Amino acid sequence: MSAIVDIVGREVLDSRGNPTVECDVLLESGVMGRAAVPSGASTGSREAIELRDGDKSRYLGKGVLKAVEHINTEISEAVLGLDASEQAFLDKTLIDLDGTDNKSRLGANAMLAVSMAVARAAAEESGLPLYRYLGGMGGLQLPVPMMNVINGGAHANNSLDLQEFMIIPVGAPSFREAVRWGAEVFHALKKIINDKGMSTAVGDEGGFAPSVENHEAAIQLILQAIDAAGYTAGEQIALGLDCAASEFYKDGHYVLEGEGGIRLTAQQWTDMLATWVDKYPIISIEDGMAEGDWDGWKHLTERLGKNVQLVGDDLFVTNTRILKEGIDKDIGNSILIKINQIGTLTETFAAIEMAKRAGYTAVISHRSGETEDSTIADIAVGTNAGQIKTGSLSRSDRIAKYNQLLRIEEDLGDIAHYPGRAAFYNLR
């Protein structure tokens, strides 16, 4: 009864008004699974390829009709009749059908839409919520949210080079309370920014995007908001940064326009980050160095890797081959997990498992271009990942994930576990 009998791909829109791929999978029993894939703005060069049409007369060349056509033709022909409960076999079928190392022929967006929709259909068929279907009886842990309350870089139109300034409610007793704490800080921050005469417009991920004099000014705004909301920075709410350093790495230097255009070597940039870590309660730094600057990453890890979570996003691109190289070379201590960077659920889960075995944390993440699809919330719980990045406390495309996690926590009841600071088990 779990045989796949129909697949339909379609072009829909993401949160930036750009096309993305959605897929419906129908099983013999009559149940259906639906999934839509996200899209990034700052992307790693080694990510699986997102297939776009390139036709400038439609959506400025960003249409995805080719990817949709692949779903409705050769992917459909290859997977019709397969058992939806055999996720690994289905994903391998997609990988073999594509035949490239980076999924450039069929498109990772086409393949992921099918992979996710099949999992949703199989979960529905089994009568289990998606998180339980994906993780079995072990999925009891809610993730600690890393909430992006100030946006910069490629996600905003302001003077900040760093892409995300996040609050992390490590002291909350539950996920529900963590969300409440985050929302209250978000609203306090809005008032502070407004009272200073700055814009309260939000960026792609729902955080504010004020034009401030430098990066420390942004951090200080957040600390003021934490205090105004009645919480203690560090003890109750820690800070995290996503530098997205590849975006400002030019000719072997880190060029910070938001700091007066200074040009820093990797060592000097590490010194600046270390100064911030000493001065502020920062416990996580993502993409602190450019994806190709492995020497810089090594220096950063040696300097800060014992007391700060160093997350590789563009560095590892959810790819087990690259992650293994990083583990072998002691680069970073955490991986960001973005399902569309690799293109199938099976490969996503393999990256999470590899990270955990090596003592690295795995942070489940959205993309800046999102939809109402909340699959990553279920993945975070199903894999006991412990951490999630899904934006600020605004924009329905971000809130969809928080709301799904609230439902999951309610469903788990007394056995739900919120790890708080223990989710950062890579810190000594």
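Placement of Cβ uses the backbone N, Cα and C atoms for every residue, glycine included.
Here the structure is a predicted model, which means the values were calculated and not measured.
Swiss-Prot lists E205 with the feature active site, proton donor. The DSSP secondary structure for E205 (active site, proton donor) is coil. The Cβ of E205 (active site, proton donor) has 31 neighbouring Cβ atoms from other residues within 10 Å, across all protein chains displayed.
K338 (active site, proton acceptor) falls outside any helix or strand according to DSSP and counts as coil. If you look up Swiss-Prot, you'll see K338 marked as active site, proton acceptor.
Summarising the annotation, Swiss-Prot assigns (2R)-2-phosphoglycerate binding site to Q163, K338, R367, S368, K389 and lists sequence analysis as the type of evidence.
DSSP gives D313 (Mg(2+) binding site) a coil state; it is part of no helix or strand. Annotation source Swiss-Prot lists Mg(2+) binding site at D242, E286, D313, citing sequence analysis.
Between the CA atoms of D313 (Mg(2+) binding site) and K338 (active site, proton acceptor) there is a gap of 8 Å. Candidate recorded positions: E205, E286, K338. Nearest to S368 ((2R)-2-phosphoglycerate binding site) by Cα distance: E205. Put simply, Q163 ((2R)-2-phosphoglycerate binding site) is 10 Å from E286 (Mg(2+) binding site) when counted between their Cα atoms. Sequence-distant neighbours of K338 (active site, proton acceptor): residues of the same chain at least 6 apart with a C-beta under 8 Å from its C-beta are P38, G40, D313, V317, T318, S365, H366, R367. According to DSSP, R367 ((2R)-2-phosphoglycerate binding site) sits in a coil region rather than a helix or strand. Shown are the binding-site residues R367, K389; of these, the residue with the fewest other Cβ atoms within 10 Å is R367.
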